[in-house]
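Heads up, the thing below is written out as structure tokens.
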Amino acid sequence: MENLRILQSEGRIPANDTLEPPTLSTRGAKEQFDVRQLSGSGCKPYTLIYARGTFEPGAFGISVGPQLTHGISLKMPGQWKGVGVEKGYDADLAGNACGGIPGGIALMRYLEAEVQKCPQTKIMVAGYSQGAMAVHNGLAYSRPEAKANVIGAVVYGDPMKGARIIGFPSEKLQTYCAADDPVCEGYAAITLTHFSYLVGSPSDVQRGVDWIVAAAKEAK
């Protein structure tokens, strides 16, 4: 498995370890990357790294991502940079079947590249659906010195709901899962509930914005 070889060759997992994606029906020389800005250029006090859902186009997708970035930019104008995980993350069914591991490796790369470029920035990681799995995997395999810059993680429609992230405090992970969303129970079944995170007053996306802003201000 290519993903296993990558992680073993970089010392992220033991050479004799195996890498098995979670079963969906149960619980249980670096590249350069494109950077999409929330505002401004260069390094900012805060950075959002976002992984979109399956089949969503663009850096931030067309659902949770744009509303999340817009809400943050309204509440903390000029203080955030946004990075959408694109290179190495196709957000396709193959990645979903692999438990989000390809997206996780891509997110890990983006996170470590951002910390190297902007060592003082405080990072929030977020993802929706398959992107939520990328958050779990990316944080778990990131090097401790990069993970130290992460002030929190927000996930929506998370197939790994309830799973702890190795080496990451549980209180820094905020999960939004609708009560009737089968994806959050680990099933590969998409219903309208899986698209409900943008509706309501406030919506779960708006709640996520508030949580992110509070975490950012606390981390000052």
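Cβ atoms are placed via backbone N, Cα and C, with glycine included.
Where the annotation comes from TrEMBL, it is an automatic prediction and has not been curated.
It should be emphasised that the depicted structure is a prediction, and the values quoted were computed from it without experimental measurement.
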TrEMBL annotation, disulfide partner among Cys118, Cys177 for Cys43: Cys118
Cys177: disulphide-linked cysteine among Cys98, Cys184 [source: TrEMBL]: Cys184
Packing count at Cys118 (disulfide bond) (other Cβ atoms within 10 Å of its Cβ): 17
Site of maximum Cβ density within 10 Å, from disulfide-bonded residues Cys177, Cys184: Cys184
Asp181 (active site): tally of other CB atoms within 10 A of its CB: 25
Neighbouring recorded positions, C-alpha within 10 angstroms of Asp181 (active site) - of Cys43, Cys118, His194: His194
